[in-house]
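What follows is a single structure, written as C-alpha cells, with notes after it.
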C-alpha cells in the first residue's frame, strides 16, 4: 500500500487496469488468468442469536446526500497491479486506535500486546487527528495484490501468569474484551469493515471488529460471543486471533495495467493453534479462562483473498458503509417532517410579528399627527430608556465578541464541509479547519466586543480586550486541560501530547490574542454606535410585571423552539462523538444551522416585543439569555442521552463525558446567545427608527 508523504495518515492507493495492445497479448492472458482464479465469495450469514446481537434498526440515506470522494476531497487513486513505478503490487494495512462504546477512553494499538510492525515509519497526523485521539500506525499485515494467503502466521504471544509483567498484559487484554474494545483497520484509506446481517434482514457493515468477547459466570454470552455456539465455557474470554480478509477491486478500462481497491472486509475468528509455527485454521476456539494460570499462548494468523467487483466504482466505494449506518431510530422522512414543521412555525411567527408591528407603527404615527394625541402607551413609551446601557456591560460585550467568533467559525466550517472538503475520508480535517478558523477570527471578536462596550459607555478598554482574549477561551482550555490530565492518568491515546498542547497555546497567545487586540483597536477607534432615539438621564420605573412577562419564564420558553429544530440532529452528532459512528451529512447539518439561526432570531424578537409592550426596557441581557437558554436544553438532553443511550461505565469515563459536554454547552450558549442579541438589537433599532418621537 502506498503512503504518500504528508498525507496525514490518509492511505491513498487506487487501482486500475487496461487491456494491452496486440503485441502484449501474452501479458493480457496472464493478467486475465490471475483475475479469474478467485471467485467472489459472499460473507457467511450468522444465526438468529447473532442477528439479535446487532442493532435492530437502520436508515437508508438518499443518493442525493452521498458525497463523491474522488471529485471533492482531493484524494486521487493510484494504480496497483504488477510492480511498476506507477503501479504498486504491495498492499499495506494500517491500524488505528481501539475504542469502545462502554468507555470514553481510547487506546493506541501499541498499548496492547498485539503483533507489532518492526522498523516501519509511523504516518504523520494533523492537528484534528491528534485532538480526536486518532493514532494511525503501520501493522505487520502486508499483502501482495491478487495473491491468496491462507492461515498465514503473524506472530505468537506467550504469557507466563506467574510473572507480574505478563499477567498485567493479559489482564489488560481481558479488560478490553470485557468492555468490547474494537479494532479499526485501514486499507487504501478505507476502513476494513466487518459485515453481518441484522434482524430486519439488512446488512450492516461495522468499520471495526472486537478484540474478543466474554462468557459470563452464569453462561450468558456478551457482545460478539453470540456469533459462535462453540463459545460456551463459563467465565471465559475468547479472543479473535484470526481474520479472514477479502479485498475487492474494480478493473478499469483504458488504464495502464492496474486496478482500484473498492472495499476491504473481514470476518474475525478464533482458533487455538496447537502448532503456532505451522498453524491450522480449524478446530476449537482460542479460550482464556478468567482464572487462567500457567502459560498462555496466543498465535495470530490471517487469510486474504482478492475478488473483482464490477458494480462498485472507486468514487462510490464508501456508499456501502454509509448506507448501513446503525443506531438510527428515526427515519429520514421524520427528520424532513420536523424541518417542515419548524419552517412553518417560523413563518407563522414572522407573519404575526410583521402584521402586528405594522399596525402599531401606523397607529403611533397617526396619534402624533393629531393635536389631541393621548398619552403614549406600549413599546413606544420606553423610547427614552430602550438604549440605556445594561448592567454588567463589560461581560455582555465579551460574550458577544466570543460568540461572534464562534458564529463565523461554525458557518465557514459547515460551508466547506457542505462542499465536500471535510468529508470522513479527510481524517481530522473538520477539527483542523475549526481550530484554524477560530484562531484567525480573533479580529472580529475584538472588534465586536470593543464596539458594543464603547456603545455601553465603557472606558476600560484594556480590561475589555484582555477578557475577550482570555475569559471564554481560558474556561474552555482549563476544562480541556483537566480532562487531558485524566486521560494522561489512564494512559489513553486521546491524551494530547505535551508538544501539541504547547502548539495550541502558541496559536492562542501568538496569533489569536494579537488579532483580538487588532480588532479591538479598530473597534475603539470608531465612533460609538448611533441610536435612533436619545436616552433620558433619569431611568423610567418599570411597572409590576405579570408572571408571563417576568424575565425567567420568558427565558425558559425562548429556548424551546430553537432546541426543537436541532434535537434530532443532535442525536446523530452525539452518536458520532460517543458511539464512534461516521457522520457525513453536512449538507443537512448546514440546513439545520440556518434554521437554528432563523428560529433563535424570531423567538427572541417575539419575546422582546412582548416585554417592550409591558414597558420593560431591559432587553440586552434578556435577549442574550433567551436564545442562549437553548444550551440548557442541550445539557438536559446530553444527560438524558448518557443514561438512556450509552453504556459507559467507570468514574473516569463519566467525568470525561460530562467534562467535554460542558465545553460544548458553553460554546453553544455563546453561539445561540449572540444570535439572539444581534436579532433583537436589529429589531429594536429598526422599530424605533420608523416611529415619530419628540
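A Cβ is built for glycine as well, from the same backbone N, Cα and C atoms used for every other residue.
Unlike curated records, TrEMBL annotations are generated automatically.
Residues annotated as transmembrane segment in TrEMBL: 332-354 (among others).
Residues or ranges marked as transmembrane segment in TrEMBL: 395-422 (among others).
Annotation source TrEMBL lists transmembrane segment at 428-453 (among others). Panel annotation: around the transmembrane segment (428-453), residues 8-9, 125-132, 134, 393-394, 396-398, 400-402, 404-406, 408-409, 412-413, 416-417, 421-422, 461, 464-465, 468-469, 504, 507-508, 511-524, 526, 529 of the same chain, lying at least six beyond its termini, place a Cβ under 8 Å from a Cβ of the stretch.
Residues 105, 394-395, 397-399, 401-402, 442, 445-446, 449-450, 494-496, 501, 504, 508, 512-513, 516-517, 520, 652, 655-656, 659-660, 662-663, 666-667, 670 of the same chain sit 6 or more residues outside the transmembrane segment (465-488) yet have a Cβ under 8 Å from a Cβ within it. The transmembrane segment annotation in TrEMBL covers 465-488 (among others).
Among the features that TrEMBL reports, transmembrane segment is placed at 494-524 (among others). Through the fold, the transmembrane segment (494-524) approaches residues 97, 104-106, 127, 130-133, 401, 435, 438-451, 454, 461, 464-465, 468-470, 473, 477, 481, 484, 487-488 of its own chain, all at least 6 residues removed from its boundaries and within a Cβ separation under 8 Å.
The feature transmembrane segment is assigned by TrEMBL to 555-578 (among others).
For the transmembrane segment (584-612), the list of distant contacts is 61, 65, 67, 322, 335, 339, 342-343, 346, 349-350, 352-353, 356-357, 378-379, 382, 386, 410-411, 414-415, 417-418, 422-424, 548-549, 554, 557-559, 561-562, 565-566, 569, 572-573, 619, 622-623, 626-627, 630, 672, 675-680, 683-684: same-chain residues at least six beyond its ends, Cβ to Cβ under 8 Å. Under the heading transmembrane segment, TrEMBL lists 584-612 (among others).
The feature transmembrane segment is assigned by TrEMBL to 624-643 (among others). Note on the transmembrane segment (624-643): residues 396, 399-400, 551, 554-556, 558-560, 562-563, 566-567, 570-571, 574, 578, 600-601, 603-604, 607-608, 654, 657-658, 661-662, 664-666, 668-670, 672-677, 679 of its chain, located 6 or more positions outside it, place their CB under 8 angstroms from a CB of the stretch.
Panel annotation: around the transmembrane segment (655-684), residues 104-105, 386-387, 396, 399-400, 402-404, 406-407, 410, 472, 475-476, 479-480, 482-483, 486-487, 558-559, 562, 578, 596-597, 600-605, 608-609, 612, 619-620, 623-628, 630-632, 634-635, 638, 642, 646, 648 of the same chain, lying at least six beyond its termini, place a Cβ under 8 Å from a Cβ of the stretch. The transmembrane segment feature in TrEMBL is assigned to 655-684 (among others).
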